[in-house]
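Novice: Have a look at the structure that comes next, please.
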Ligand SMILES: Nc1ncnc2c1ncn2[C@@H]1O[C@H](COP(=O)(O)OP(=O)(O)OP(=O)(O)O)[C@@H](O)[C@H]1O
Ligand SMILES: [Mg+2]
């Protein structure tokens, strides 16, 4: 059992997340169980509002599941205060947010070095600058978020998530604001993290072509896992997605 | 736009709390003093009329300056914090005129409500002031306290007018920016020339008053208070206007060591001090005013009390009057500045919930965020106390020379440390306390907030 756990990068057991008040509850996750091996690249897909961001946030310890458990590399996310969760998270997990969440007062390079500073680790400015160059921002190191385009901010956020070489990387629509060329570069970067460094990547995307970079796709609808596709191609993903939206539309009527 | 203004008011009451508090308090203090005019006009003997009018015009006059200053700077700060939201409105098609009208209507509604609600408070405080004058035998017991049109007129008029003028100036600034520019606008790198000129002018007036004290009133006894007393008020107000520049100067000196030794918190603090000097300047102002005016006036009064040779043209019976007057002025201004200080810090820190959320998502523990806020507050407190102390010298040094022919004032040694300590404790407590509260919002929720 425990030897299995060590090769399991992420494990969710019957995770539920309910937002809102008691008399007006919104069930964002409705009993999600998921196991992802170390060194896997998984895409999470599903209609808008199906709970993809919520899933990532609960899995990353950014939000607390209403019930169920989350285990990262064999260790459950601590239940103590925020400080304990933060310390757990920053040693293991990188996160690319749908809304970037860069610090407005810091430059691109400073934003990328921030997690290491906060964790009290040595700041490797050279590596951070290299990462920014890899996402095509070698000439924007000293610009602040307000001086960057949306796609450029997104790439800073990606470099930040990769900077501390976390075992587990979550990316919420990391190519949402990018043109197809920049998107390909970012996806290649994530694929490299998996292939060459044994990191585990979980990525939310709406783009079948992006999902094709992953080793498997998990489909989500109404807070439940409704499908799974191994070794996806863009066409296969698009087809499954079309069925899924139809099914949801029918169920909604 | 008027409807939008009213709806914004209803939904974002928190954001307007700072403006409301400043206007409410300012109006209360002004009404309290102005009610002495009402009382004087109610058929009293000449001596009493003179005492009341003197108290109302001198003490009330200084409070008026400080209140106008506080109301305008709080309102400006409050609107600045909404720059993004207002720019967003512009980008979806609101004209600068519409946004400007919205800002002005909001300010008018908040200020008017605060000023009207301040009437009972102003009555109470005025009554207290009056009782103080009766107790110290400066006003005969048979005089009746009155609170009437002058009190209400001045209290409501000054605060609402101040708020409106500040809102109009801000609306004009917004109107000059293109919508996109407003959306991504960083805060200005430097202060506008008008602000620099006003700050330098006020400091110069303060220094000039100090100089006049020595030149005109040496050996003239407590007459010297006429110019010396106001010197530190002018100098403090001037330095307060220049506060973004002061923050930049202090950061230039302390920034390096703080970033190196203060861990991640220290490093973030320095980034903020460098790039948010205007926003933090808003919090520095009340610290400077509080320290400068309290230290200056209290030391001056102590020197006067301990000076052996009474002199000058002011009769002995008036000396007591003047002492009460000084203590009342300094008490009111200090109290007002202290409340403004807390008010501004709470508003500024609460506004930063989103930023704190982003820091937490990037891996900051709540403790690290609190330490960062604490380090910032410490820099603000030290800067403010230093600047305020320098401003207070504009009163203390000239008055000591003129009154006692010495350079070092003969005053209780506890005044300065006590006031400095109060400023530091208030600043730290208000900043860290509101940061604690802001941290209660979960990080993922906090980053979704618009303000
Ligand atoms: N803080 C919140 N309070 C209440 N409801 C929420 C909250 N956050 C999300 N929800 C609801 O939970 C559901 C799932 O939201 P989530 O953000 O996870 O969707 P998503 O799959 O990421 O959608 P998208 O593709 O549009 O980003 C939605 O119905 C949403 O309205
Ligand atoms: Mg989402």
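Even glycines carry a Cβ here, placed using N, Cα and C.
So TrEMBL has the following annotated:
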DOMAIN    B:61-172  domain 'ABC3 transporter permease C-terminal'
DOMAIN    B:328-442  domain 'ABC3 transporter permease C-terminal'
TRANSMEM  B:16-37  transmembrane segment
TRANSMEM  B:57-79  transmembrane segment
TRANSMEM  B:99-123  transmembrane segment
TRANSMEM  B:143-168  transmembrane segment
TRANSMEM  B:196-221  transmembrane segment
TRANSMEM  B:233-259  transmembrane segment
TRANSMEM  B:280-300  transmembrane segment
TRANSMEM  B:327-351  transmembrane segment
TRANSMEM  B:377-401  transmembrane segment
TRANSMEM  B:413-432  transmembrane segment
Novice: For the transmembrane segment (B:280-300), I need the partner stretch with the highest count of C-beta pairs below 8 angstroms, choosing only from B:16-37, B:143-168, B:233-259, B:327-351, B:377-401.
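Specialist: Between the stretches B:16-37, B:143-168, B:233-259, B:327-351, B:377-401, B:377-401 has the largest tally.
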Novice: What is the three-state DSSP composition of the domain 'ABC3 transporter permease C-terminal' (B:328-442), stated as helix, strand and coil residue counts?
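Specialist: The composition, in the requested order, is 96 helix, 0 strand, 19 coil.
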Novice: Taking B:16-37, B:57-79, B:99-123, B:143-168, B:377-401 as candidates, which has the most Cβ pairs under 8 Å with the transmembrane segment (B:233-259)?
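Specialist: By Cβ pairs under 8 Å, B:377-401 leads among B:16-37, B:57-79, B:99-123, B:143-168, B:377-401.
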Novice: By a Cβ-Cβ criterion of under 8 Å, what residues six or more beyond either terminus of the transmembrane segment (B:16-37) are in contact with it?
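Specialist: Distal contacts: 9, 52-53, 55-56, 59-60, 63-64, 67-68, 70-71, 74-75, 77-78, 106-107, 110-111, 113-115, 117-119, 121-123, 125-130, 145-148, 150-156, 158-160, 162-163, 332, 336, 339-340, 343-344, 346-347.
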Novice: Please list the DSSP helix, strand and coil residue counts for the domain 'ABC3 transporter permease C-terminal' (B:61-172).
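Specialist: Helix, strand and coil residues of the domain 'ABC3 transporter permease C-terminal' (B:61-172) number 93 helix, 0 strand, 19 coil.
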Novice: Please indicate, using numbers and ranges, the residues of the same chain that are 6 or more beyond the transmembrane segment (B:57-79) and have a C-beta under 8 Å from a C-beta there.
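Specialist: Apart from its flanks, the transmembrane segment (B:57-79) reaches 15-16, 18-19, 21-23, 26-27, 29-30, 33-34, 36, 86, 103, 107, 111, 154, 158-159, 162-163, 165-167, 169-170, 230, 233, 237, 240, 279, 282, 285-286, 289, 293, 325, 328-329, 332-333, 336-337, 340, 343-344, 347-348.
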